[in-house]
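Here is the structure we will look at, set down as structure tokens.
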């Protein structure tokens with residue numbers, strides 16, 4: 001019998017290419033991992049994060065609707081020709097995000113997916129279903145079309161997956177795992193030198209809020225959301241950017257001025273204020289750490305007024321008592337409101353005086369410098385007042401913006417007086433009675449009875465169809 005001598009080293013050397021080839025081949029042919037679908041139903045995460053979920057759910061207690069147009073009818077004139085002249089309520093709890101955008105008169109009464117005045121982008125800050133659709137269809141797919149197209153898809157209120165990477169193992173273990181669920185927000189943060197992945201924990205906390213509490217506009221044919229920060233975040237920087245690209249949100253129906261509508265620029269105003277400069281974040285003031293019944297600390301998701309949790313918020317830094325700080329804040333708020341009203345009065349007159357000049361035959365060339373002043377004045381006013389907490393976030397910046405708005409409005413009216421005189425008009429232009437919201441809306445020609453009736457029909461007929469379809473598709477809990 002012949003004995004065979006086995007050279008182990010030789011065999012191993014022959015097998016190495018085989019193993020290497022097999023390994024590489026397996027790597028190349030393995031199917032790519034399927035991305036985890038964003039789970040938009042907030043109640044899914046209640047078992048893992050019960051305290052956070054219940055406190056988030058408690059935002060439903062912030063249910064009061066405050067009619068800002070009824071409080072200040074001048075707004076109707078300033079927004080003439082724009083949906084905000086129909087309806088503008090002050091913000092309430094996150095639990096009403098979807099309900100409020102459905103029921104506001106601004107979104108109209110569409111009969112089908114291709115109908116209505118507004119684009120899909122108007123859903124963008126209302127629901128984790130937005131993140132789900134962007135992941136599923138891409139940004140172009142999500143933004144395409146009218147607002148009504150999203151009705152059966154966007155059904156869960158702003159919640160967990162808007163701010164957290166809920167699919168991550170760390171989130172399942174109880175970690176926050178913050179994320180920017182809106183890609184356009186991530187690009188904007190990168191544009192100002194703040195890539196989210198490289199930001200510290202405190203920066204990330206405010207950046208997450210800044211996905212929505214921010215100024216933005218609808219860009220291009222697809223009306224995609226973009227933040228106007230290319231030239232900087234101050235009011236003049238954004239104004240310059242908008243002028244450079246010749247953007248306007250609408251044309252005021254009285255003065256025919258191409259206007260800008262500020263949204264809710266809390267991130268920009270917070271950045272400009274003392275809290276932002278010292279990295280006191282949105283979370284520190286609006287979502288403090290509190291104790292549950294067992295004494296365990298958790299982040300309170302009932303986002304609200306810091307004075308409601310004074311010991312856990314303001315008192316962490318300030319030595320003054322609650323009453324003293326409330327007095328300071330109230331005085332700042334009053335100062336801003338007083339100047340706000342003065343600017344609005346100037347702008348109301350400017351819009352009606354511009355209308356009189358146009359009616360008297362003023363040319364486009366004659367009106368251009370006047371309309372530029374009106375546009376810039378109202379933009380600066382709007383950026384100040386659209387940030388509801390500016391008296392707390394950046395009162396000095398708020399007063400500065402309103403001061404420059406007053407100057408611009410005065411410039412417009414001075415030019416208008418000269419132009420009107422060349423048309424033989426030297427008397428004061430009369431302003432109609434706008435002492436109530438209803439009278440102001442009548443003055444700009446709105447048929448509010450018809451608008452409200454159409455909306456009520458939409459609420460009764462279309463919204464139930466959306467919800468039924470969402471339940472059938474498993475997007476909404478039964």
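A Cβ is built for glycine as well, from the same backbone N, Cα and C atoms used for every other residue.
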> Which one of 275, 286, 301 goes with 160, 163, 164 at the heme c 2 site, as Swiss-Prot has it?
Replying inline: 301
>> Cβ within 8 Å of the Ca(2+) site centroid (215, 216, 261, 263 excluded): which residues?
In response: 214, 217, 262, 264, 265, 386
> Out of 213, 318, which of the binding-site residues is least crowded by other Cβ atoms within 10 Å?
Replying inline: 318
> Which ones are near residue 301 (heme c 2 binding site): of the binding-site residues 286, 317, 393, which have a Cα within 10 Å?
Replying inline: 286
>> Return only the integer: C-alpha distance in Å from residue 213 (heme c 3 binding site) to residue 264 (substrate binding site).
In response: 5
>> For the C-alpha pair, I'd like the distance in angstrom between residue 275 (heme c 5 binding site) and residue 263 (Ca(2+) binding site), rounded off.
In response: 21
> Near residue 94 (heme c 3 binding site), which residues of its chain come within a Cβ-Cβ distance under 8 Å, counting only those 6 or more away in sequence?
Replying inline: 56, 59, 157, 158, 159, 303
